[in-house]
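Q: Before I ask anything, here is the structure I am working with.
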Amino acid sequence: MTTLTACAFTLSGTYSPTARYLFYALTLLCTVSRHATWLIGGTLAGSLLFSSIAVAHSFPLLIRPSASGVDLDVFPVFTITSVGALAAGPMLKWSSTVRESESAVRTVVAAWMIWCFVGAVVGGVAVRRTLDTMKYPVENCGAAGSNMREYQVPEMVELLQWREMLWKWSTAVMVLAGIVGIFGFFLGLVNRRRIRDEAIRAKILAESQTREERRRLKKKRYSVVGFVAPMAVRLSLVLAIVQVGVMERFMIGPKAMPSTESMKAVGSWGPLVGVGLGLIVGLMKAMLSGDHRVAREVELVEQLPIKAATEGPWWAVLRDMWDALQDASRWCLRLGVMRRRDFGLEGRTDLGVSVR
């Protein structure tokens, strides 16, 4: 195995192996999960936040490169952003929890897809430039010179000799991510009129009275759009998995890329705590929602005029106050009717109100 010794700045604690593998697992979980709202709530937020930070980091890596060594952060940044751009399409298409959620959630995921695509392009360009200038002079190691690493100095790092292969691969990923994003988003997500269910298709064929209707249905089923769109969505997930395998193999290399923080530092185990707290909150919300549904069913059986118990506590307090005001107004109205009857004013309209 051919290796290359380069002068480079070590990985930041934000992109430690634990944080990267956690991002991959959360993204895959959000893509393939179905009907697990409590699970998506905690994992999707962590995945979107981590990848969005990587996209923002890709711009200074490209605009303000190091003058004395390779910044190894460019490789995990490119991997994370490209995986996010490629996995967003299958997430919107396959995850029933995301697909059937509110339109605001789907809009956020679609915007995240575009944001990650921009980061993948910027990160890919930064990777290509880094590979072109990877062999820095050995005498530069030990001298600070990075705009992003004020208190750090580059070190000698042993990497795999994959410069030519990674240069071509980064270019291919940027191009394929753009193609997959266009077909997967505009064709696979917007065009939802394709007939997939064989039972429904057979029923429509049976109800067709003319040969023209059968021909039109067959043309719609086997059109270029109907074929390319689902294939683009599947291809994007395959590319995301291959991208993870290629880039992680390079980052592991003969020796794992050194990091500025160990597993004992907060930068490494902090993401685990954040995602864990998100999952706990989602689980508690799901459990409380289940109790609320049971309470609502009991209230419906007893025919009590109480709103669904799935509402939040503040809304419940406001509704209780509104119900109390309504009860008070009814009581005042009844009291007024009783007084009118006592004084013999029932039926008179000269006061503006006719009470029977």
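Each residue, glycine too, has its Cβ placed from N, Cα and C.
OK, TrEMBL features for this one:
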type	residues	note
TRANSMEM	38-62	transmembrane segment
TRANSMEM	74-92	transmembrane segment
TRANSMEM	104-127	transmembrane segment
TRANSMEM	166-190	transmembrane segment
TRANSMEM	224-246	transmembrane segment
TRANSMEM	266-288	transmembrane segment
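Help me see these features in their spatial surroundings.
A: Within the chain carrying the transmembrane segment (38-62), a Cβ under 8 angstroms from the stretch's Cβ atoms is held by residues 14-15, 19, 22-23, 26-27, 29-30, 71, 73-74, 76-78, 80-81, 83-84, 95, 97-98, 108-109, 112, 115-116, 118-119, 122-123, 125-126, 129, 147-148, 271, 274-275, 277-283, 285-286, all 6 or more beyond its ends.
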Q: Could you give the residue numbers and ranges of same-chain residues that sit at least 6 residues beyond the transmembrane segment (74-92) on either side and whose C-beta is under 8 angstroms from one of its C-beta atoms?
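A: For the transmembrane segment (74-92), the list is 11, 15, 20, 23-24, 27-28, 30-31, 47, 50-51, 54-55, 57-58, 61, 98-99, 106, 109-110, 112-113, 116-117, 119-120, 122-124, 126-127, 130, 170, 173-174, 177, 180-181, 184-185, 188-189, 232-234, 236-237, 239-240, 243-244, 247-248, 250-251, 257.
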